[in-house]
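As annotated by TrEMBL, active site, proton acceptor applies to K198, H325. Sequence annotations record features per position, and here TrEMBL assigns substrate binding site to H27, T106, Y151, K196, D226, P227, N228, N274, H325, S326, N327, H354, R408. Positions annotated as domain 'Mandelate racemase/muconate lactonizing enzyme C-terminal' by TrEMBL: 176-270.
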Amino acid sequence: MNLAITDVRLTPILVADPPLLNTQGVHQPYTPRLIVEVVTADGITGVGETYGDTKYLELARPFARKLVGRQVGDLNGLFPLADEVAVDSSRVLGQVDVGGLRGVQTADKLRLSVVSAFEVACLDALGKALGLPVHALLGGKVRDAVEYSAYLFYRWADHPEGVACEKDDWGAAIDPAGVVEQARLFTERYGFTSFKLKGGVFPPDEEIAAIKALAEAFPGHPLRLDPNGAWSVQTSLRVAEELGDVLEYLEDPALGTPAMAEVAAATDVPLATNMCVTTFAEIKEAFTRGAVQVVLSDHHYWGGLRNTQQLAAICRTFGVGVSMHSNTHLGISLAAMTHVASTVPNLHHACDSHYPWQSEDVLTERLTFEGGRVAVSDAPGLGVELDRDRLALLHQRWLDDDGSLRERDDAAAMRVAEPEWETPAVPRW
Ligand SMILES: O=C([O-])C(=O)C[C@H](O)[C@@H](O)C(=O)[O-]
Ligand SMILES: [Mg+2]
């Protein structure tokens, strides 16, 4: 068996995205993703995916060249290798990450988001070579299916008039009734039983009303609200007070560890984050100050599946819960999340996934949710297969784009509908 990497293929694509609203604006009609393929000397191909904006591509390209000739099983070696790739200072100095809404951008965060796709691709190739599923390479699954939550968004029915886009049948959701109707569709279509609402879009009282309407329509079901740090400490505490008895957790109500710690000190509602703890360096302060009770362990942010397991072990040590986040991702990442989630013993919350919003994929067969769960594949590798025609088509869309959609920019997309729109200052309320 020759497991040397002989080729690495990078394919940037644009995939359809509905007009989902968040505190910074609205999703563009197409969003960039990067598909990574790692090929071994024996002709085995492993796949991974991550963000596709230029700031990631410009790191992925030199990194891919460095991988050729290395062993596909040398996963630990990926990290020092990534450190050799220079990050342009313009990408980090004073830059806030827009796409993932995860706070200040650092060289480390950018590198890890790139490494994650290569780690997944290497694990996929290794698993195929050995005839083992990825979860077995991670130590084995402790569950046969992974539970996901319905990721509810305020949204318009369509992108603004005149914007080229793919249509969908979800309809608008801009008030409590619309949010409840969207939740019903999620349950009918996928069987989800827990619900997360992306907040920070409307004044807090409207979002409180939406959560109360969900609690009434789905009594006893776990509910979460995530305004991406849009509220002050005082507003966060008021929302916690109003919704305390129906929320499973409040996600990133206020921005940054100090503000989260202040909120946490004054409420019993658990706080979750995928913004103030997204790297190992951020754990110590947040955990020792009791700022977060649940970490959403996005494997793209953390640098892959094995780092996600390490994060889960640290959470276990500190009595902090683990959930999972991932935005605007396709089936490769859903498969990767499902494999790693199946190996984490202390995963006590349903994971987030945007997958139902992503109507397009690069796989021959889409992954499916049964009763809100994705079955853990026992096929070799991730258990997914690339559809090369689809990949080529979505890549062609990327090639044809004039550059305006190659960077995620929710504020720019919002300006199409509201020309005066500026990314709101935080706290917004
Ligand atoms: O849980 C989260 O914070 C996210 O999913 C961040 C994303 O950027 C989400 O807000 C989005 O895609 O609009
Ligand atoms: Mg969040």
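The backbone N, Cα and C atoms fix where each Cβ goes, glycine too.
Helix, strand and coil counts under DSSP for the domain 'Mandelate racemase/muconate lactonizing enzyme C-terminal' (176-270) come to 49 helix, 15 strand, 31 coil. Whole-number maximum of the Cα to Cα distances across the substrate-binding residues H27, T106, Y151, K196, D226, P227, N228, N274, H325, S326, N327, H354, R408: 28 angstrom. Only D226, in sequence order, out of the recorded positions H27, Y151, K198, D226, N327 have a CB under 6 Å from ligand 2.
In sequence order, K196, L197, K198, G199, G200, L250, E251, D252, A272 constitute the residues six or more apart from D226 (substrate binding site) in its chain with CB-CB distances below 8 Å.
A straight line from the CA of H325 (active site, proton acceptor) to the CA of Y151 (substrate binding site) spans 10 Å. Over the domain 'Mandelate racemase/muconate lactonizing enzyme C-terminal' (176-270) the predicted model carries a mean pLDDT of 98.
Contacts of H27 (substrate binding site) defined by a Cβ separation under 8 A and a same-chain sequence distance of 6+ are given as D17, P18, P19, L20, L21, T328, R408, D410, A413, in order along the sequence. N327 (substrate binding site): 26 other CB atoms within 10 A of its CB, across all protein chains.
Within its own chain, Y151 (substrate binding site) has K196, K198, D352, S353, H354, P356, W357 as residues 6 or more apart in sequence whose C-beta sits under 8 angstroms from its own. Checking the binding-site residues Y151, D226, R408 for a CB within less than 6 Å of any atom of ligand 1 leaves D226, listed in sequence order.
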